[in-house]
Amino acid sequence: MYKASRFSPLTSIIRHTVVTLPTPINISTWWNFGSLLGICLASQIFSGLVLSLHFTAHTDLSFYVVIQSFGDVYYNWWFRALHANGASFFFIGLYLHIARGLYYGSYLFKEVWSIGVVILLLVMASAFLGYVLPWGQMSFWGATVITSLFSALPVIGGDVVVWLWGGFSVDNATLTRFFGLHFVLPFIVAGLVGLHLFFLHDQGSSNPLGVSSDFNKVVFHHYYVLKDLVGACFFIGPLLGLVYFNPWLLGDPENFIEGNPLVTPHHIQPEWYFLFAYAILRAVPNKLGGVVALAAAVLVLFYMPVSPKTSVKGLSFYPWGKMLFFSLVGVFFLLTWAGSKPVEEPYVVISQVLSFLYFSYFALIGPITRIQDKLL
């Protein structure tokens with residue numbers, strides 16, 4: 001019985017994935033975020049399933065069910081705080097994972113990178129849908145603002161918005177379909193993660209030096225299993241600290257007020273992990289142009305696998321490229337800050353300048369590294 005289970009197809013796949021997988025010997029802590037994101041996804045799915053047992057997708061009930069369940073359902077507050085803060089930590093891990101890929105040239109693995117960008121898009125969609133479900137003020141008005149952006153599409157824009165709403169305004173039909181989509185999308189993401197890992201293991205991991213490591217590898221267990229466990233402790237520790245000591249630190253106070261279509265919040269803004277894209281959206285005065293810029297802020301990542309190739313993979317040996325990369329990191333943080341400010345001067349101009357710098361990175365990184373190749 002033991003031998004049969006040991007050599008079964010499922011056991012072989014698991015064994016090859018987490019035990020005998022050949023892994024470059026020189027990968028650093030930046031490669032830990034893949035496993036951390038897997039932990040985050042599992043945590044979000046589990047906590048979301050628990051919360052769904054005590055949720056009613058109805059505009060007259062959702063807000064009160066969420067508030068009432070804090071006291072009436074055993075440990076519901078813990079699962080809700082874990083789910084809400086887990087989303088923030090999920091995006092921290094995603095953005096760091098993408099930054100590592102940009103810096104070390106992981107985008108050259110085209111299939112792995114492209115599936116990763118699709119995962120990012122679906123996680124962003126799921127996070128937006130989930131933010132609407134508590135039906136607080138910011139949830140309601142955030143849903144209204146974001147879904148209204150589709151009206152900028154030529155010819156079909158109005159019909160698309162009505163289809164999304166399920167009517168002529170954000171109402172009960174909207175909440176019901178958002179709940180259904182929010183429930184299903186994480187499982188689709190989990191399937192894509194499996195495909196992401198399949199192509200990654202088929203092509204092999206990159207490494208900090210950007211050179212072939214086919215002759216210098218070790219098995220994944222126990223070297224990197226232990227390393228990932230240590231990284232998980234450093235990642236989960238702050239998350240649990242936030243859950244227990246200040247669970248609503250990253251939330252918006254407006255969301256503790258029931259959604260009211262007759263009262264508009266003074267300043268409508270999404271969660272912090274969408275603020276960089278929100279700033280880019282507001283930087284363009286034309287509505288359609290803003291929507292295009294918003295989509296391009298993420299879709300531009302698809303360009304990286306076809307960008308000009310360099311002699312050495314990654315930016316470790318390109319001083320100008322490293323300067324440009326860390327400038328992009330600074331621009332990302334500044335865009336996040338600008339997105340949290342009101343739509344007024346000087347924040348509009350600042351957002352426009354930062355948006356130009358953000359897209360400039362993707363246009364310049366290829367030519368600049370190619371120039372350095374020729375100089376060397």
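Glycine too: its Cβ is placed from the backbone N, Cα and C atoms.
Automatic, uncurated: that is what TrEMBL annotation is.
Note that this is a predicted model, so its numbers are computed, not measured.
These come from TrEMBL:
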type	residues	note
BINDING	H83, H182	heme b b562 binding site
BINDING	H97, H196	heme b b566 binding site
BINDING	H201	ubiquinone binding site
DOMAIN	1-209	domain 'Cytochrome b/b6 N-terminal region profile'
DOMAIN	210-376	domain 'Cytochrome b/b6 C-terminal region profile'
TRANSMEM	36-57	transmembrane segment
TRANSMEM	77-99	transmembrane segment
TRANSMEM	111-133	transmembrane segment
TRANSMEM	139-166	transmembrane segment
TRANSMEM	178-200	transmembrane segment
TRANSMEM	220-245	transmembrane segment
TRANSMEM	288-305	transmembrane segment
TRANSMEM	317-335	transmembrane segment
TRANSMEM	347-368	transmembrane segment
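The number of other CB atoms found within 10 A of the CB of the residue listed as 'ubiquinone binding site', across every protein chain shown, is 17. For the transmembrane segment (347-368), the list of distant contacts is 276, 279-280, 282-284, 293, 296-297, 300, 303-304, 307-308, 310, 318, 320-321, 324-325, 327-328, 331-332, 334-335, 338-339, 341: same-chain residues at least six beyond its ends, Cβ to Cβ under 8 Å.
Here the transmembrane segment (288-305) sits against the transmembrane segment (139-166); at least 3 CB pairs are under 8 Å, leaving out pairs fewer than 6 apart in sequence. For the transmembrane segment (77-99), the residues of the chain that approach it from at least six positions outside its boundaries are 30, 33-34, 36-37, 40-41, 43-44, 47-48, 50-51, 66, 69-70, 116, 120, 123, 127, 130, 235, 238-239, 242-243, 247-248, 250-251, 271-273, 301, 329, 332, judged by C-beta separation under 8 angstroms. The stretch with the most CB contacts under 8 Å to the transmembrane segment (36-57), chosen from 139-166, 178-200, 220-245, is 178-200.
When averaged over the domain 'Cytochrome b/b6 N-terminal region profile' (1-209), pLDDT in the model lands at 89. Between the CA atoms of H83 (heme b b562 binding site) and H196 (heme b b566 binding site) there is a gap of 24 Å.
Checked against H182 (heme b b562 binding site), the binding-site residues H97, H196, H201 differ in C-alpha distance, with H196 being the nearest. For H182 (heme b b562 binding site), the Cβ neighbour count at a 10 Å cut-off comes to 21, with all displayed protein chains included. Cβ neighbour count for H196 (heme b b566 binding site) (all protein chains, 10 Å cutoff from its Cβ): 21.
Sequence-distant contacts of H97 (heme b b566 binding site), defined by Cβ-Cβ distance under 8 angstroms and a gap of at least six in the same chain, are F33, G34, L37, G116.
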